[in-house]
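As given in TrEMBL:
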TRANSMEM  41-66  transmembrane segment
TRANSMEM  78-95  transmembrane segment
TRANSMEM  107-126  transmembrane segment
TRANSMEM  167-188  transmembrane segment
TRANSMEM  200-218  transmembrane segment
TRANSMEM  252-271  transmembrane segment
TRANSMEM  329-347  transmembrane segment
TRANSMEM  417-440  transmembrane segment
TRANSMEM  446-466  transmembrane segment
TRANSMEM  478-497  transmembrane segment
TRANSMEM  529-551  transmembrane segment
Amino acid sequence: MGGVWANRLIGDYNWRFLCMPTPPWQYDRPLPPFYGKDDKLSLLIAVVMGVQHALAMVGGIISPPLLISMTGFKPENQAYLVSAALIVAAIASFIQVMQIKIPGTRYVIGSGLLSVMGVSFSFVPVAQQVITTLSQCACDGEPCTFEGTCVACTSPLVGKCHTPEEAYGKVLGTLLVCCFFQMAISFVSSRVLRRVFPPVVTGTCLVLLGAALIGSGFQNWGGGVYCSSQVLTTRVPCTGNGEVVLPFGHRAYLGLGLVVFFSIIFAEMFGSPFIRNTEVVVGLLVGMIVASNVHYTDCIEGVCTTKRYVTGKQIADAKWMTFLWMRRFPLGFYGPAVLPMLFAFMVTTMECIGDITATTEASHLEPVGEKFEQRIQGAVLADGMNSFLGALGTITPVTTYAQNNGVLSLSRCASRYAGYACCGWLFVIGIVGKFAAIILTIPNCVLGGMTTFLFTGVVVSGIHVLNFGEGLNRRNRFIAIMAIGVGMGVTLVPAWANITGQAAYPFEGNFWPVNPAWSPSFRGFRDSLIIVLTNGFSIGGLIAMVLNLLLPFDKDDAHVG
């Protein structure tokens, strides 16, 4: 009897394989047993496997709300968004893993696999652009911040003049409408979807999305987003690094970011499978420890003061417990954001199909047949419905996370019980308000070192996807060249179609100058197109999709790898 309970609590697993460091020269270590998607796990195995998946996801989940909130949100709202993102990811993952059958139909909600969900990166550039646009304000021709520097203005304010939180409410309201597009896509045959969005289209989108996000990572690594944009003009010093305020690109900022970078490399070289599965969190933790124990000495006219990169004030002020809707954002609708949001939903749909295919293979199941098609349909529908629920819960859309397939393959555990445990861990971390406060005390430069690694993974995933199927044959190379050329160019030189910083009229520029006599509807249509043109992955993905539908196939295209 005691042996039965011990097996239920501890189970039979090769813990040495999971926990012992791996020398780079050792390749013949014994593997643990494989657990299928419906195999029951002992309590300990489920908890440990769940925490692996949760820690592998945390870096990705918290990055989108942090990047969006860096557009001027109040600190308490930033902390709330981090917690809300974790809670929404837990609920969405539970629905995706569980799989719910729709009564009276052959359709399901959820994949029924160990396929966890987190906040999508695809919507970050769009949300940042919309919030920046709606927050633009000017006083006597000089840019100012609404409810900030604009308070001292004695003249009428010019521009949209919304607070970042109000602008974010319009983003959420627009997403609530656009989510139905992905829900509708879920009922389209996956064969049709693969024809319209083959690997050359989705891979191109991922490469361009990652390239745009790497820019945000490097900006934070150098000290901060806003100070990086002013480095050649007003040279505003960088805040967001504790008490330390230095110019952008200072060696102190770069050094702390490198601590994270080299910690991740060290974990990959010498870490156990558990450490390698969670190396992003390991790097962030090491960087945080170093930043907490070093300081910067600033000497002015012989008087020296010591300033710290990490302070505990925000942690002390934070509440222990939190939940969804503790902070609210007034919902609205912003028409010009609809087109880029719809395209972002197309990208996440194809990401979802690719991730579910990879999860199916890693779970030792056949990626063909009626069961597989049902899993694809359920996963895409769950993506759309969870994104709707996420927007109601004040978070931008969620999608399946590819990095967890690596955890699944390395640990050889595809059991859904590990997925349920992962959801439990994410939920607990999310409702603990102190955790979000700790995240917000991480210096920008440390966060930038982590997110640069994370976002580069998106680019590499895109390159990997480009080689699926027939690979980069002549036709696909041509499509990728044209799409990435324009998309990457727009990412590197956004003034090509949009000159930022025009306070009176956002999206002003020489490509399509604004006429004040335009009607609001025509102005909205024009702004919508400008958002697409100035968003690298939107315009690049659109070019790739159109060329894929128009260009003929060569006879030997299917045979070129």
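Just so it is clear, glycine is given a Cβ too, placed from its N, Cα and C backbone atoms.
Curation plays no part in TrEMBL annotations; they are all automatic predictions.
Long-range contacts of the transmembrane segment (200-218) within the same chain, counting only residues at least 6 positions beyond its ends with a Cβ under 8 Å from a Cβ of the stretch, are 67, 121-122, 124-125, 225, 347, 350-351, 354, 448, 451-452, 454-468, 472, 476, 479-480, 483-484, 487-488, 491, 535-537, 540-541, 544-545, 548. Most Cβ pairs under 8 Å to the transmembrane segment (417-440), among the stretches 41-66, 78-95, 167-188, 446-466, 529-551, belong to 78-95.
By the Cβ criterion (distance under 8 Å, sequence gap of 6 or more), the transmembrane segment (446-466) is counted as touching the transmembrane segment (41-66), at least 3 such pairs being found.
Segment contact is absent for the transmembrane segment (107-126) and the transmembrane segment (478-497), given fewer than three CB pairs below 8 angstroms at sequence separation of 6 or more. Among residues of the same chain six or more beyond the transmembrane segment (78-95), those with a C-beta under 8 A of the stretch's C-beta atoms are 57-58, 61-62, 64-66, 68-70, 109-110, 116-119, 314, 318, 322-324, 326-327, 382, 385-386, 389-390, 393-395, 398, 419-420, 422-427, 429-433, 435-437, 439-440. Listed as Cβ neighbours of the transmembrane segment (167-188) (distance under 8 Å, sequence separation of 6 or more from its ends, same chain) are residues 68, 71, 73, 107, 123, 126-127, 130-131, 133-135, 160, 329-335, 337-338, 341-342, 345-346, 348-349, 377-378, 380-381, 383-385, 387-388, 391-392, 394, 396-397. If one looks beyond the transmembrane segment (478-497) by at least 6 residues along the same chain, the residues whose Cβ comes under 8 Å of a Cβ in the stretch are 200-201, 203-204, 207-208, 211-212, 215, 466, 472, 509, 511-512, 530, 533-537, 539-541, 543-544, 547-548, 551.
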